[in-house]
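Listed features, source Swiss-Prot:
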- 487-498: compositional bias 'Basic and acidic residues' (COMPBIAS)
- 43-302: disulfide bond (DISULFID)
- 54-226: disulfide bond (DISULFID)
- 80-113: disulfide bond (DISULFID)
- 178-188: disulfide bond (DISULFID)
- 208-247: disulfide bond (DISULFID)
- 242-271: disulfide bond (DISULFID)
- 363-370: disulfide bond (DISULFID)
- 56: N-linked glycosylation site (CARBOHYD)
- 177: N-linked glycosylation site (CARBOHYD)
- 338: N-linked glycosylation site (CARBOHYD)
- 487-509: region 'Disordered' (REGION)
- 20-459: topological domain 'Virion surface' (TOPO_DOM)
- 481-524: topological domain 'Intravirion' (TOPO_DOM)
- 460-480: transmembrane segment (TRANSMEM)
């Protein structure tokens, strides 16, 4: 089922709803005319089964669309993206640490995504912790890589469920739809290779809560079911119905576009793919209740007209118009030909627009062709006017002409990032603005000694370092020798000055050089 079919449901509903609430009814099959007496006239009961003699009514339960059912069934889901966050640190020779964060992707498994989603919904504190980047570790002259595998959950991500084939439709899916959710496969691929979509509830059937049980009266003839009177009192015929599954539930699509699930013994053909069903909303229920009241009122008007005919013993074309069948189905048609009251078996169909039965001037279309008139008289009070136009004495009340107003969803789903084609990631580093990480799985890898240089540079640096170290040792040894040498010389000279005595020329002993010097200066 193409996704566009759901978008055109509101457009298809209006003509189908006219089938349920016709502005007029006219025979599509008209039997031979036969004269009758005035006492054979009778008013049709549009609320009582007159379908092929099925007059046996019995109570039964059936399933119909829930009131408020809308064309697009919303399925809440979430997307799960596998993200690997890598923190790479390098500590150089002087202890300066540089940290680089990188992101990569991996395709997650559905089980892991389901567990991550449950973490988020349960408010597990580990979820808050997992939102942070991995804590980078570091070692001197080494490169340390710390990685964390995270499952990124973004919710809600709302998809539309097609009730006809249970396929899902959303712009986050590559082709706009997903038909792969089964018991064994519980996810859909998305526009992102490393992101999958999953429903919040693993049982997708629970999202299709569109049915309700109702009570009505089954109309049957022997073992054959002809139709039923619904919970609101309106008869619905099974003639022309076809089998149609909604959300996997087998039911019948009736000619008026409604859908019911009920037990029947008759063999029914499957509906063609283009057969859709009417929406069931509060407005349709309200109008259906008003239709029942209107049909009761019309029956009272018919009985009043019939009583007038019986009392006055006279029949007019205007009075015969009250005896027309007001809903699709089997009934009678009446007319007056050459002052003779005539009756014919008829099967009535609904009229959507007046152009269907009056396509041109003077033509009353019945059974696909212009019906002949007798001296300007057709049937059911329809005549040919003096100007050649077909005149229909009455039409259904304005109540039955109003258009059906469909309920619109009051829930506006949040736009998921993947629904915008511009957010389809081409590079791994574009995921930073997209992700919220979950379920950390931290791994640490410590490399060997790394100086941050190529291989030849490492050897040059080691050689230079060794040479500098040798030169430093030699320099220190040289400095130590120079510091020790002046101290030893001074100590030896001091000792000599104290012990050596000098004899002067006069024969006196001079104890030191200073005394000798002072003595010499005295002599001078």
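Cβ coordinates are placed from backbone N, Cα and C, and glycine is handled just like the others.
Remark: of the disulfide-bonded residues 43, 178, 271, 363, the most isolated position is 363 (fewest other Cβ atoms within 10 Å of its Cβ). Counting only the Cα atoms, the space from residue 56 (N-linked glycosylation site) to residue 226 (disulfide bond) is about 10 angstrom.
In space, 242 is the closest of the disulfide-bonded residues 43, 226, 242, 370 to residue 178 (disulfide bond), judged by Cα positions. Counting only same-chain residues six or more apart in sequence, the Cβ atoms lying under 8 angstroms from the Cβ of residue 208 (disulfide bond) belong to 73, 161, 163, 166, 246, 247, 248. Here residue 113 (disulfide bond) comes close to 80, 151, 153, 187, 196, 198: these same-chain residues lie at least six apart in sequence, with C-beta atoms under 8 angstroms from its C-beta.
Here the glycosylation sites are 56, 177, 338, and the one whose Cβ sees the fewest other Cβ atoms within 10 Å is 338. In this structure, the disulfide-bonded residues under consideration are 54, 188, 226, 242, 247, and the one with the smallest number of other Cβ atoms within 10 Å of its Cβ is 242. Residue 226 (disulfide bond) and residue 242 (disulfide bond) are 13 Å apart (CA-CA, integer value). Looking only at the topological domain 'Intravirion' (481-524), the predicted model's pLDDT averages out at 54.
Of 54, 177, 271, 302, 338, all annotated as recorded positions, the residue with the shortest Cα distance to residue 363 (disulfide bond) is 338. Checking each of the recorded positions (43, 177, 226, 271, 302, 338) against residue 188 (disulfide bond), the C-alpha distance stays within 10 Å for 177. Nearest Cα neighbour of residue 271 (disulfide bond) among the listed recorded positions (177, 226, 302, 338): 226. Residue 80 (disulfide bond) counts 28 other C-beta atoms within 10 Å of its own C-beta, drawing on all protein chains shown. The disulfide-bonded residues examined here are 302, 370; by Cβ neighbour count within 10 Å, the least packed of them is 370.
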